[in-house]
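Annotation comment: Swiss-Prot describes Gly7, Ala8, Ala9, Gly10, Gly11, Ile12, Gly13, Asp34, Asn94, Ile117, Thr118, Asn119, Met227 as NAD(+) binding site, evidence class sequence analysis. Positions annotated as substrate binding site by Swiss-Prot, on the basis of sequence analysis: Arg81, Arg87, Asn119, Arg153. Sequence annotations record features per position, and here Swiss-Prot assigns active site, proton acceptor to His177 based on sequence analysis.
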Amino acid sequence: MKVAVIGAAGGIGQALALLLKNGLPAGSDLALYDIAPVTPGVAADLSHIPTPVSIKGYGGVDPTPALEGADVVLISAGVARKPGMDRSDLFNVNAGIIKSLAEKIAVVCPKACVGIITNPVNTTVAIAADVLKKAGVYDKRRLFGITTLDIIRSETFVAELKGKTPSDIQVPVIGGHSGVTILPLLSQVEGVEFSDEEIKALTPRIQNAGTEVVEAKAGGGSATLSMGQAAYRFGLSLVRALQGEQGIVECAYVEGDGKHARFFAQPVLLGKDGVEEVIDYGKLSTFEQEALNNMLDTLTSDITLGEEFAAK
């Protein structure tokens with residue numbers, strides 16, 4: 001099993017690479033790529049950690065050696081948010097990066113499962129999908145927007161609020177991966193009851209948690225370490241499912257049945273081909289249904305922006 005981390009010299013990429021070096025199944029190959037020349041050094045550094053995972057790093061303009069033979073590609077390449085920016089402000093730079101990487105993936109490893117971390121995810125996933133489609137290699141089961149950060153934040157904040165162990169809390173999060181499009185289904189958290197006031201306070205806190213970190217870092221970056229952990233959780237789940245483990249469910253932003261929008265985040269059952277089944281998210285509370293209805297215009301316009309960029 002070969003996993004490639006693209007954007008591996010950045011804050012998210014380095015954190016993700018460290019976790020994968022420690023946590024991938026024995027015998028896995030880990031390839032790191034970044035345009036930054038430091039990348040082989042990041043791999044050399046990580047190679048000293050005594051785990052049965054081989055690691056190589058590649059810098060420069062061509063990601064081909066990292067992508068060759070990859071089963072899973074995790075993309076965190078791009079610029080990070082700074083104070084005063086929202087995820088859509090990243091579009092102008094990051095859209096071009098995702099487009100060129102998707103063009104390369106289409107040629108080098110068209111069968112790989114691709115997880116996109118690069119923001120704005122609502123838009124970058126649509127770009128990747130249409131670039132792969134144009135190349136005739138798109139398989140919607142193998143392309144994911146990684147929204148796991150919204151899930152781990154939800155689990156953490158709920159556990160803190162209710163005095164529970166975070167690992168005992170499961171919060172499905174649907175919609176997209178920015179602002180109002182992030183919808184935690186707090187009504188579905190087992191063993192926990194929320195007042196209306198708690199839901200009205202917790203929902204925007206989860207939606208705006210990224211901004212909380214950007215502001216706390218005071219211009220020094222965005223959520224890199226927690227995002228690295230989130231991408232690791234999703235990436236490892238995907239690897240385990242590809243290797244035949246049954247019953248692995250994660251929320252992810254995928255192309256489903258188009259009921260709400262072409263791409264939508266919801267629970268998915270992972271399998272040997274990527275998405276085995278998109279799972280119905282169940283009954284929503286009145287608050288959640290209203291929030292869903294109110295986000296769809298934003299989500300749809302985010303997706304359209306990506307489709308239009310890919311068509312250029």
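Residue 1 is the first one shown; counting continues down the chain.
Any Cβ shown, glycine's included, is placed from N, Cα and C.
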Near Asn94 (NAD(+) binding site), which recorded positions out of Arg81, Asn119, Arg153, His177 have their CA within 10 Å? Asn119
For Gly13 (NAD(+) binding site) and His177 (active site, proton acceptor), what Cα-Cα distance in Å is obtained after rounding to a whole number? 19
Among Arg153, His177, all listed as recorded positions, which has the most CB atoms within 10 Å of its CB? His177
For Asn119 (substrate binding site), which of these recorded positions sit within 10 Å, Cα to Cα: Gly7, Ala9, Gly11, His177, Met227? His177
Under DSSP, is Met227 (NAD(+) binding site) part of a helix or a strand, or is it coil? helix
In whole Å, how far does the CA atom of His177 (active site, proton acceptor) lie from that of Met227 (NAD(+) binding site)? 12
List, in sequence order, the same-chain residues at least six positions removed whose CB sits under 8 Å from that of Gly11 (NAD(+) binding site)? Ala80, Gly221, Ser222, Thr224, Leu225, Gly228
Under a three-state reading of DSSP, tell me whether Arg81 (substrate binding site) is helix, strand or coil. coil
Within the same chain, the residues at least 6 apart in sequence whose Cβ is under 8 angstroms from that of Met227 (NAD(+) binding site) are Ile12, Ala15, Ser76, Ile117, Leu149
Among the binding-site residues listed here (Gly7, Ala9, Thr118), which has the Cα closest to the Cα of Arg81 (substrate binding site)? Thr118
